[in-house]
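**Student:** Quick paste from Swiss-Prot:
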BINDING   G75, T78  Na(+) binding site
TRANSMEM  5-25  transmembrane segment
TRANSMEM  35-55  transmembrane segment
TRANSMEM  68-88  transmembrane segment
TRANSMEM  99-119  transmembrane segment
Amino acid sequence: MWWSVLAVSVGAVIGANLRWGLGLWLNASYHAVPWGTLVANLSGGWLIGVLMAFFSQSSVLSPEWRLFAVTGLCGALTTFSTFSLEMFAALQEGKWGMALVGILAHVVGSILMTALGFLTFSLVRG
């Protein structure tokens, strides 16, 4: 049990810091669009696809590795709450078009990136 808690916690620390770093880097560069959140969600969607494809094909690693990578790292890297806040702010500012594009980019993009992650794994694996 404690190894599971540790695995999730360490993964979450890494994922949250990656998300924070992406926000600092990309949101500061492009003020009009919160690119850091989008990149975090899309890359996290791709990564979780690769990881789930890997873990479904492999029993070499202990379950704690899946908890670390999927629940901890990907769970903290992707961020529905920040996405929701940014889209709500766009709506409050009357930026309906930006909000709609943002919602579609995050939701549809994340699903497509997850599928791409599974495809990437199958292509690499052969």
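Using N, Cα and C of the backbone, Cβ positions are placed for all residues, glycine too.
Worth saying up front: this structure is predicted, and the values here are computed from it rather than measured.
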**Student:** For G75 (Na(+) binding site), which DSSP three-state class applies?
**Tutor:** helix
**Student:** Once near-sequence residues are set aside, which residues in the chain of T78 (Na(+) binding site), 6 or more away, have Cβ atoms under 8 Å from its Cβ?
**Tutor:** G15, R19, A40, N41, G44, G45, I48, S110
**Student:** Would you count the other C-beta atoms found within 10 angstroms of the C-beta of G75 (Na(+) binding site) for me?
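**Tutor:** I get 18 for this one.
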